[in-house]
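These features come from Swiss-Prot:
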BINDING   Lys141, Glu178, Tyr179, Asp187, Arg211, Ser212, Asn213  ATP binding site
BINDING   Asp248, Glu260  Mn(2+) 1 binding site
BINDING   Asp248, Glu260  Mg(2+) 1 binding site
BINDING   Glu260, Asn262  Mg(2+) 2 binding site
BINDING   Glu260, Asn262  Mn(2+) 2 binding site
DOMAIN    104-287  domain 'ATP-grasp'
Amino acid sequence: MKIAILSRDGTLYSCKRLVEAAEQRGHSIEVIDPLSCYMNINPAAPTIHYRGRQLERYDAVIPRIGSAMTFYGTAVLRQFELLGSYPLNESVAITRARDKLRSLQLLARQGIDLPITGFAHSPDDTGDLIELVGGAPLVVKLVEGTQGIGVVLAETRQAAESVIDAFRGLNAHILVQEYIREAQGSDVRCLVVGSKVVAAIERQAKPGEFRSNLHRGGTARKVSITAKERAIAVKAATTLGLDVAGVDILRAARGPLVMEVNASPGLEGVESTTGLDIAGRMIEYIEQRGRPGFRLKSGG
């Protein structure tokens, strides 16, 4: 198969592992910077150009699109979809997952358990918003944030009001969520490929920090998950239309809660912690699904 990876940096661990896994299976694979692509949106003969050359059709495309380039990156991915390339995560699914508010609403519609979450526009509603999620301590999140950026733990009501006002002063869209104290700064990252959880790790925040992201100094260990956690992870990924996803689960006293669904999960932490070949599982999935005649779930 002829495969493209959409990524700004082919030297990143995840990209290098995907290239390695594809080449080991005899596939041709190329890393393409989506910001260097430009398109002819023509119903008769659509094309994609890259650094002065017209790209030929690829059998499959693996999007590794960072949050900062979601708009243009998914536009490029849609053009590949238009040309008939199989996307490992469709453009529509990625945009759903990148919008934290929309994704939580979709998950809630399917009855998936979540931390209690509030969203409001008017400063006049701040007091009620804080009460809706059970009061302080609580978590304030930027809707557009990733890797723990724009996530603040407010331990008192006064701190919560100050943080919310500060974000509003920047015209930022924010979510207010209950703080799951019993999780003690840890979460479970489930790596979903297709309809299976292929790996799971527990991430623990560093001392003095509540965000467990590995990019923020958190640590990881291999962990066994329950049947309920496995089912909720697969259901969350399926609800957003993602073939590959990192589903982050908080172990609360009332049961597992989906905190976030990541459409472009990093492979380094999961592979190094578990010793599993996740990149290989992703390429195998492409081999199974990326055949001529496939249909987009969403219509593109």
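Cβ from N, Cα, C; glycine included.
Shown here: features listed in Swiss-Prot, placed on the structure.
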residue : record                : DSSP class
Lys141  : ATP binding site      : strand
Glu178  : ATP binding site      : strand
Asp187  : ATP binding site      : strand
Asp248  : Mn(2+) 1 binding site : strand
Glu260  : Mn(2+) 1 binding site : strand
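Checking Cα-Cα distances from Asn262 (Mg(2+) 2 binding site) against the binding-site residues (Lys141, Glu178, Tyr179, Asp187, Asp248) with a 10 Å cut-off leaves Asp248, in sequence order.
Asp248 (Mn(2+) 1 binding site) and Lys141 (ATP binding site) are 15 Å apart (CA-CA, integer value). Taking the Cβ of Lys141 (ATP binding site) as centre and 10 Å as the limit, one finds 22 other Cβ atoms among all the protein chains shown.
In this structure, the CA atom of Tyr179 (ATP binding site) is 14 Å away from the CA atom of Glu260 (Mn(2+) 1 binding site). In the structure as shown, the Cβ atom of Tyr179 (ATP binding site) sits within 10 Å of 18 other Cβ atoms.
For the pair formed by Asp187 (ATP binding site) and Glu260 (Mn(2+) 1 binding site), distance between Cα atoms is given as 10 Å, rounded to the nearest Å.
With a 10 A radius on its CB, Asn262 (Mg(2+) 2 binding site) counts 20 other CB atoms from all the protein chains. Calculated from their C-alpha atoms, the gap between Asp248 (Mn(2+) 1 binding site) and Glu178 (ATP binding site) amounts to 16 Å. Spacing of Glu260 (Mn(2+) 1 binding site) relative to Glu178 (ATP binding site) is 14 Å (Cα to Cα, whole number).
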